[in-house]
Structure formats: C-alpha cells, structure tokens
Amino acid sequence: MPNEIFTINLNAQAIIPEAFILLGIVGTLLVDLAGEKTASKWAPIICYLSIGSSLLSLALQWSNPVESAFLGSFNSDNLAISFRAIISLSTLVSLLISWRYTEQSGSPIGEFAAIVLSATLGAMLLCGSTDLISVFISLETLSVASYLLSGYLKRDPRSSEAALKYLLVGSAAAAVYLYGSSFLYGLSGSTNLATIGLEIINKPSFITSLALVFVLSTVAFKIAAVPFHQWTPDVYEGSPTPVVAFLSVGSKTAGFAFAIRILSTTFSSFDEEWKLLFTILAILSMALGNVVALAQTSMKRMLAYSSIGQAGFVMIGIVSGTQDGLSAAVLYLAAYLFMNLGAFSCVILFSLRTGSDRILDYSGLYQKDPLITLGLSLCLLSLGGLPPMLGFFGKIYLFFAGWANHQYLLVIVGLVTSVISIYYYISVIKMMVVKEPQEASEIVKSYPEINWGIVGLPPLRVALYTCVAVTALGGILSNPLFKLANTAVSETPFLQDIIATANNIS
C-alpha cells in the first residue's frame, strides 16, 4: 500500500518535457567528446530533436495537466505548461541564431549547446516548482549555467568580467532567497509553498514581512527589475550575443513564472503588501529602463535597458491580479519572445558581418542590407508598442487590465515610458535609413558581400524570418494567443483565489 501511494504521488510523467531536454544535454556532451567536426554536425540536430520533443510533450499535457508530482514538489498545470513552452521556444530560437556566432568565435559547439540546454532545464523546472527546495535547485541550475554562458568567450576579457559580475550578484541573490526561505520554514514547519501560505495566513509578523522582501528581492534579480538591475547592462554587453538573447527571454520568463506562483500561493494573504512592492518595482523599472536607454551607444546595452522597461510592463498585469491581467502578462511574454529575439537576430547578423555593436555604425545600413534594416525596424517598432505589431496588442491588453483594476498610476507611467521608448527605437530606425550615401558609417561603407551559404547562417535566417513574421502579423495572432493565455490562467486552480480577490476590489 505505501508503495502504491508513492507511485500515485510521484506522477513522473509531469517532467517528460524536461526529460527530453536532459537527453539532449547527454547527447550533445557525447558528440562533443567525439570531436569538434562531429559535434558541429550532430549537436544542432540533437538540440532540435530534444526541444521539438519537449514542445510536443507540452502540447500533449495541455489537455491533461498533472496537478501534483514528486510528492507535491512540482506542478505541471496549464500556467506552467505555457511558461515552459515559451522557454523552450526561446531556447530553440537562441540556438538557431548562435551556431554561426559560436563557430566564428572558436568555441566548442557541443559544449555550448549542452550548457544552454542545462539553463533551459533549470528554467523549465522553476516554472512548475512548488517547494522551497525544488525552487532552489531549479534556480541554481539556471543560474550556474547562465554564469558559464556569460563567460563563454574565454579570450574576451569583457566576457570574463560579465561572468564574474553575474556570479557575484547571483550568489548574493541565492543567499537572500535561502535566508527568506529559512524564515518561511521556521514559521510554518513546511517547505511546500501552498502549505506555508496556509500556515502563515494568521501569523502576520515582522519576520513574515522580511521573508516577503527577501523572496521578492530574488524575483526582482531574476527579472532584472530596478533597483536589482545593476548587473544587467554590463552582463548583456560583455556576454556572447546569443547568450544575451536567451537570458533576456528564457531567464526572465522563468523569473515571472516563479513570481506568480509564490506570490499567489505562499503570500496570497499578503496581497496588498506584495502588490505595493511590485507597483514600486514596476514604476522604477519602466521609468529608469526607458530613460537610461536613451543615452546608450551600444546596441546590446540599449536592449538591456529596454528589457528592464519591458519587465515593468509585464508587472502591470501581475499587479492587477485579474484573469485578464494575468493572461495579458503571459501573452506579452510570448510576444516579447518573438520581437526581442528577432531584434537580437539582426544584431547578431550585423555583428558577424562587421564586428561592431555601436549604434552609430548602423547609419545607412538600408543601402547595403535591406533585410536587417527591415527586420530590426519591425521588431523595434513592436517593442515600442506601435500598431499593428504584436507588441502593440500585448501592451493594449496589459493597459486595459491595469485600468480596469484601478491601477491608474501604473498605466499612466506605462503609457509615458512607452512614448519615451518609441523615441529611441525610431532613432535607430532613422539612422539605418539615411538616404545620402555620404552619411553612412565607415563600417557600412565597407560592408561585406552578403553570402547566406556560409555554415551556420541558414538557421539564423530561419529564426530571423520567423520572428519578424510573427511580430509583423500581430493583428492576426494576438487574439488566438490571448485565448490560449486566458485558458492557461482560468484552468490553473491556484490562481483562482487571487483572481477572486482582485475581482472583489474591482
């Protein structure tokens, strides 16, 4: 009988998507041992099979989610499935745009792919973790792999500096999380997030508030919210560009998934407190991220500060707490996947051809490379929230949900900072479409001949076309995507209490 109960509670099928990613890690490491030539041929194929199988198993789980697995430490509900799908897709696109970059830098492809898949594994597990211990293991799996990726260009001192900064700040964030977790365990005697929430519901105290602050600090670090953002610009600038692309979407999505789960279960009785703190973080992130981005001269640093501002927009949906607000947050993260990785695809392609990251060097690019100009322009317009791009509809859903829940200040700040962001996005576009040849940068004047036949460029081309197409077809895709996000939220049991509370306030 005990063995029967254990088997029922284990529900190992919940992590089949993660199991495929794990097989991919093993496979890429094995081909890496066989030599660089073998790894270059087989590592991409193994990654595609691994991620494709993971996405397929997530799709099959959609109609039959596993509510509790591994003795209550993991939950494969529809919300977790949605976030894990976004992370898997972000990994797939990040790998597609990384093969040529990795080969040109002289780094081992099999080893690189294994570390990216390891980070993906940690991020996906974090989305469904429902126990303090499983959260920490997932968090550290993601973090350690991210540190390795940031410093992957061993010959580049900026990459080593980025890895060291990321390691130091990330270690501090992990220590803060453990300290907050120790308070929660001491107050409740349990490590299960839902059980802790039930135990502390009648125990409002200074210790509980301190635990909330510590946990929120960890969340803010993962999503790069102000004032826990200091690592972001330096790490983004120094890390390999494909790594930055993955961190900007995959790591951030995992952070938001963790935030929604722990705030809605463990701290559901402290919703006024955490919503106030989240409101402050959102306002600071939108304001500082978009204002400081105006002064950047590096494309990667500009996108780093842009990502800080984008995190603030997502927080509007979470603070609203309504079904529409949470659905809009999921939708916007899905939209952010395509428009941000589309922009990074163009940045990587330009960097491969010129070796430059300076915004000024994009001057006159339209004359030499219309494809990069068009793709980057569409993605930047979408990030700015201009119609009819996908980003416009994502922001509209977020702002409507916030306004309906009386989050007027957040919505007004969001609108103002969106206008600011449009200015620096359009400045880049204007620079690229300079008409007079003499106004083009020296880099563009000596632009190399475009050759898509080079090894590693066809996958990058596929990623670029896909991201730009999805971003540009926002008007058609926004409604079905929102319906999927709405289904994920409405069919996730632990969210219903916070939604009911938000509806009562409205």
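Any Cβ shown, glycine's included, is placed from N, Cα and C.
Quick look at what Swiss-Prot annotates:
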| type | residues | note |
| --- | --- | --- |
| TRANSMEM | 14-34 | transmembrane segment |
| TRANSMEM | 42-62 | transmembrane segment |
| TRANSMEM | 79-99 | transmembrane segment |
| TRANSMEM | 108-128 | transmembrane segment |
| TRANSMEM | 132-152 | transmembrane segment |
| TRANSMEM | 206-226 | transmembrane segment |
| TRANSMEM | 240-260 | transmembrane segment |
| TRANSMEM | 276-296 | transmembrane segment |
| TRANSMEM | 302-322 | transmembrane segment |
| TRANSMEM | 330-350 | transmembrane segment |
| TRANSMEM | 374-394 | transmembrane segment |
| TRANSMEM | 409-429 | transmembrane segment |
Residue numbers, six or more beyond the limits of the transmembrane segment (374-394), whose CB comes under 8 Å of its CB atoms: 306, 310, 328, 331-332, 335-336, 338-340, 342-343, 345-347, 418, 421-422, 425-426, 428-429, 432-433, 464, 467-468, 470-475, 477-478, 482
Checking 14-34, 108-128, 240-260, 409-429 against the transmembrane segment (330-350) for Cβ pairs under 8 Å, the most are found for 240-260
The transmembrane segment (302-322) in contact with the transmembrane segment (108-128), cutoff 8 A, at least 3 CB pairs, sep 6+: no
Contacting positions for the transmembrane segment (79-99) when only residues 6+ beyond its ends and CB under 8 Å are counted: 17, 21, 44, 47-48, 51-52, 54-55, 58-59, 61-62, 65, 109, 112-113, 116-117, 119-120, 123-124, 127-128, 240, 242-243, 245-246, 249-250, 253-254, 256-257, 260-261, 330, 333-334, 337, 341, 344-345, 348, 455-456, 459-460, 462-464, 466-467, 484-485, 488-489, 492, 495
Most Cβ pairs under 8 Å with the transmembrane segment (276-296), selected from 132-152, 240-260, 409-429: 409-429
Among 14-34, 42-62, 206-226, 240-260, point out the range having the most Cβ pairs under 8 angstroms from the transmembrane segment (108-128). 14-34
Within the same chain, where does the transmembrane segment (14-34) have neighbours whose Cβ lies under 8 angstroms from its own Cβ atoms, ignoring anything closer than 6 residues to its ends? I mean 6 or more beyond. 42-43, 46-47, 49-51, 53-55, 57-58, 61, 66, 69-70, 74-76, 84, 88, 108-111, 113-114, 117-118, 120-121, 124-125, 128
Under 8 Å Cβ-Cβ from the transmembrane segment (42-62), and at least six residues away from its ends along the same chain, one finds 14, 16-18, 20-21, 23-24, 27-28, 31-32, 76, 78, 81, 84-85, 88-89, 91-92, 95, 99, 109-110, 113, 116-117, 120, 124, 459
